[in-house]
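Per TrEMBL, the features are as follows:
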BINDING   His113, His115, Glu120, His161  Mn(2+) binding site
DISULFID  Cys34-Cys51  disulfide bond
DOMAIN    65-215  domain 'Cupin type-1'
SIGNAL    1-24  signal peptide
Amino acid sequence: MMRSVPKFLVPVALLALACTLVSAYDPSPLQDFCVAINSSTSAVFVNGKFCKDPKVVTANDFFFPGLQIPRNTANRLGSNVTLVNVDKLPGLNTLGISLARIDFAPYGLNPPHTHPRGTEIIVVAEGTLYVGFVTSNTDNKLFTKVLNKGDVFVFPIGLIHFQFNVGKTNAVAFAGLSSQNPGVITIANAVFGSNPPINPDVLTKAFQVDKNVVNYLQKQFYSDNHN
């Protein structure tokens with residue numbers, strides 16, 4: 001015979017579940033702002049960063065200049081991502097948002113990658129981009145779209161996605177991310193460029209290729225297009 005669950009445990013269980021769900025994302029701020037500061041002197045540690053004394057906060061703590069300036073795309077990928085996160089704009093601390101400018105040379109690529117802590121939404125400012133994301137292992141479905149100037153596309157949190165300039169001219173996009181520090185894992189870099197390297201036997205079996213192929217890929221220089 002099954003025993004009934006005490007009524008007081010129901011709200012406790014629901015609260016625990018809610019707390020678990022909330023903790024998966026950037027927590028909501030408990031004050032107007034918490035400008036990040038590296039020094040721990042006379043500061044409070046909140047969400048990965050110490051809070052600057054509000055009495056000495058200035059407008060510059062909420063300011064980042066220069067996103068109108070084209071970035072250097074002279075690398076093997078032909079792209080450059082300028083991320084404005086909490087490390088570059090201290091006023092973002094606890095606000096759960098960040099921004100990026102993505103520059104593309106003709107046929108430049110922002111390679112398949114994922115943001116473990118943030119959803120991304122982009123708007124194309126110039127050029128034409130072929131973009132897409134792949135769903136999780138249930139069906140690995142690919143969603144793609146060709147975007148032109150003014151078009152918007154969203155990449156759900158944690159899913160592998162990419163952007164590729166299919167035009168003969170430079171392209172520029174701006175992205176908003178739902179975390180002050182969304183993180184980025186570039187798939188090729190992580191799998192074939194890890195330090196120390198992943199055992200080739202693991203990758204040979206995972207990708208079902210000859211070991212020489214894995215050895216070749218691990219010797220390649222993988223570009224980091226983030227700054």
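Cβ atoms here come from the backbone N, Cα and C positions, even for glycine.
All chains included, 22 other C-beta atoms sit within 10 angstroms of the C-beta of His161 (Mn(2+) binding site). Take the mean position of the Cβ atoms of His113, His115, Glu120, His161, the recorded Mn(2+) site; other residues of that chain with a Cβ within 8 Å of it are Thr114, Gly118, Phe133, Phe155, Leu159, Ile160, Pro182, Val184. Distance between Cα atoms for His161 (Mn(2+) binding site) and Cys51 (disulfide bond): 33 Å, as a whole number. There are 23 other CB atoms within 10 A of the CB of His115 (Mn(2+) binding site), with all protein chains counted.
Cβ environment of Glu120 (Mn(2+) binding site): Val154, Phe155, His161, Ala175, Gly176, Leu177, Ser178, Pro182 lie under 8 Å away, each six or more residues apart in the same chain.
Between His115 (Mn(2+) binding site) and Cys34 (disulfide bond), the C-alpha separation comes to 23 Å. The disulfide-bonded residues listed here are Cys34, Cys51; among them, Cys34 has the most other Cβ atoms within 10 Å of its own Cβ. Residues belonging to the domain 'Cupin type-1' (65-215) score a mean pLDDT of 96 in the model. Geometry remark: Cys51 (disulfide bond) versus His113 (Mn(2+) binding site), CA distance 31 Å.
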